[in-house]
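According to TrEMBL, the protein carries these features:
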- E477: active site, proton donor/acceptor (ACT_SITE)
- C127-C151: disulfide bond (DISULFID)
- 43-165: domain 'FZ' (DOMAIN)
- 191-507: domain 'Peptidase M14' (DOMAIN)
- 596-630: region 'Disordered' (REGION)
- 1-20: signal peptide (SIGNAL)
Amino acid sequence: MPTMPLLLAALAALAVLALAARPSPSCSPGPDPSGKCQRLGYTHSATCVDLHLRTCADAAYNHTSFPTPLEHRSWEAVESSPEYMLLGVIHFLLEGQCNPDLRLLGCSVLAPRCEGGHTQRPCRHVCEGLREACQPAFDAIDMAWPYFLDCARYFAPEEEGCYDPLEELRGELDVEEALPSGLPPTFIRFAHHSYAQMVRVLKRTAARCSQVAKTYSIGRSFEGKDLVVIEFSSRPGQHELMEPEVKLIGNIHGNEVAGREVLIYLAQYLCSEYLLGNPRIQRLLNTTRIHLLPSMNPDGYEVAAAEGAGYNGWTSGRQNAQNLDLNRNFPDLTSEYYRLASTRGVRTDHIPISQYYWWGKVAPETKAIMKWIQTIPFVLSASLHGGDLVVSYPFDFSKNPHEKKMFSPTPDEKMFKLLARAYADVHPMMMDRSENRCGGNFLKRGSIINGADWYSFTGGMSDFNYLHTNCFEITVELGCVKFPPEEALYGLWQQNKEPLLNFLEMVHRGIKGMVTDKYGKPVKNARILVKGIRHDVTTAPDGDYWRLLPPGSHIVIAQAPGYSKVMKRVTIPLRMKKAGRVDFILQPLATGPKNFLPGPSRALPRFQDPQREPTQMDFEPPRARRQPASGSKPWWWAYFTSLSPYKPRWLLKY
């Protein structure tokens with residue numbers, strides 16, 4: 001049974017004490033046959049009173065009225081109700097998903113908005129949109145959609161007049177922060193950015209370069225902050241045929257802020273230089289789709305920032321709001337890889353996620369990244385950290401689990417070393433010959449190292465990228481000071497600007513091409529094999545592929561179920577900086593057994609079905625976990641059974 005957070009248990013205990021002395025006022029004398037409460041009508045004329053509910057303190061209004069739509073007639077009645085208790089713990093139950101939207105939506109019913117002696121009903125379309133987005137999270141824990149969030153009953157259509165309870169949820173992010181007078185729009189402010197400031201800068205940058213940039217969110221943190229990405233491309237918002245995708249991620253550990261700031265500066269630099277006509281930047285943005293996620297852990301950053309630069313402890317704010325280390329929270333596919341690698345003829349790439357992984361605590365930030373890399377065919381990635389000065393590459397988990405330090409290369413060891421050197425070799429501090437400097441102990445290695453040879457750990461993001469998708473990810477440690485003072489930020493940017501650009505350009509190394517059938521129809525999920533490298537990549541839905549490869553001669557094979565395989569020899573010159581075009585036309589098999597290598601003898605998860613796109617449901621625990629045994633109750637039921645004589649059976653699905 002999943003472990004309930006301590007705060008959830010404490011909240012539930014307080015609720016039990018508060019409710020023990022009074023019956024539930026939420027129901028009329030008897031519940032209806034379905035177990036739901038009988039409710040009285042709802043009037044629009046009312047006496048407005050100040051809003052005094054802690055759970056609803058950040059609502060977009062300050063006054064409410066009694067009775068409420070649920071017929072609560074006092075603050076005591078509201079606070080002692082199981083509906084209110086649910087709002088107080090729902091973000092823990094759903095592991096941060098749909099937070100705080102769901103809570104604010106519930107507040108709009110439990111404490112209706114009141115202005116000028118009239119209550120205002122929340123909009124139905126807001127409720128319907130949120131239910132569509134959040135229903136999978138409820139299904140994952142076997143909880144019914146709360147009856148008091150019935151979109152047809154408690155919410156009004158727009159034509160009847162309504163308000164959006166989520167309209168001002170992130171209103172502060174839309175407030176434009178004017179630059180100091182006299183400064184050009186290309187000005188970069190080398191300072192630490194709060195979450196709101198970061199989002200404003202990214203949105204302002206995307207607006208300035210709207211022809212090549214846009215912002216979007218890949219999900220929410222546990223405390224409800226959007227994980228905001230800024231994208232640069234000649235056609236932002238869509239994948240272009242033959243255009244490789246690359247991502248840079250910062251602040252996975254909340255107290256390691258250098259990567260966060262550097263990516264904010266990089267976004268502004270790319271925009272400004274593109275507009276100024278910098279040929280290198282224009283070429284990069286016109287041939288590459290670049291995604292920058294400055295902060296994967298905005299909740300942890302707030303903890304670290306509260307202490308401030310120079311005062312931050314080594315671990316304060318490192319974890320997310322659930323106290324999870326996000327770079328230890330991904331599925332451990334490396335152990336499975338070592339097991340599979342010992343079997344001849346079995347695939348060791350695109351390893352599916354074990355259903356047992358979902359039994360543990362999975363952060364919403366981790367889920368967001370997993371869904372992101374399943375949705376976009378990333379080729380290359382870097383995760384920016386702090387605490388040392390070195391570039392590491394997979395594997396991060398030792399091939400001998402008892403060895404804390406052990407060289408553990410991937411089949412693409414040569415390519416990973418090239419990627420790591422592309423960053424380190426142009427970084428002035430990494431190339432400094434002094435052994436007394438930060439990172440000096442890595443000098444003899446060229447400031448790069450195999451991750452497991454440095455220190456071994458499981459659940460890392462880089463290993464997961466490599467073993468679950470086509471993406472090659474390295475880890476860059478930007479310096480020994482995790483939260484540098486503001487005066488050090490400009491120098492930090494100057495040291496990392498060229499390495500970042502050089503690394504982004506590495507996505508164009510190796511080969512790329514199209515895989516089609518004899519009629520020119522794209523073949524998606526076809527496999528691209530390279531002899532001597534036991535790691536395949538697969539084609540995107542449009543049939544295009546990218547295969548990072550070091551210089552030299554390679555035998556490349558394309559194959560797919562139902563087609564005969566095609567083999568080609570390719571030679572990549574030493575100084576070639578543009579991916580070579582290698583297309584394949586597959587001929588259908590006439591009869592007989594299919595001529596392709598067998599995959600691992602295990603079922604693939606639903607979102608690896610090559611005939612469909614991933615959905616939100618694909619990133620939830622398997623159905624076997626969500627459905628309780630016959631006659632049993634879900635694991636969370638015990639926390640609600642003592643709340644009142646009328647148990648909240650409306651939460652049960654079965």
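If you go along the chain as it appears here, the first residue is 1 and each next one adds 1.
Cβ atoms are placed via backbone N, Cα and C, with glycine included.
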Number of helical, extended and coil residues in the domain 'FZ' (43-165), per DSSP = 57 helix, 18 strand, 48 coil
Pairwise Cα distance for C151 (disulfide bond)/the residue listed as 'active site, proton donor/acceptor' [Å, integer] | 48
Hey, which of the disulfide-bonded residues C127, C151 is the loneliest by Cβ count within 10 Å?
-> C151
How many Å separate the Cα atoms of C127 (disulfide bond) and E477 (active site, proton donor/acceptor)?
-> 43
For the residue listed as 'active site, proton donor/acceptor', which residues of its chain lie six or more apart in sequence with Cβ-Cβ distance below 8 Å?
-> H385, G386, G387, D388, L389, V390, V391, S392, G439
Looking only at the domain 'Peptidase M14' (191-507), what is the mean pLDDT?
-> 95
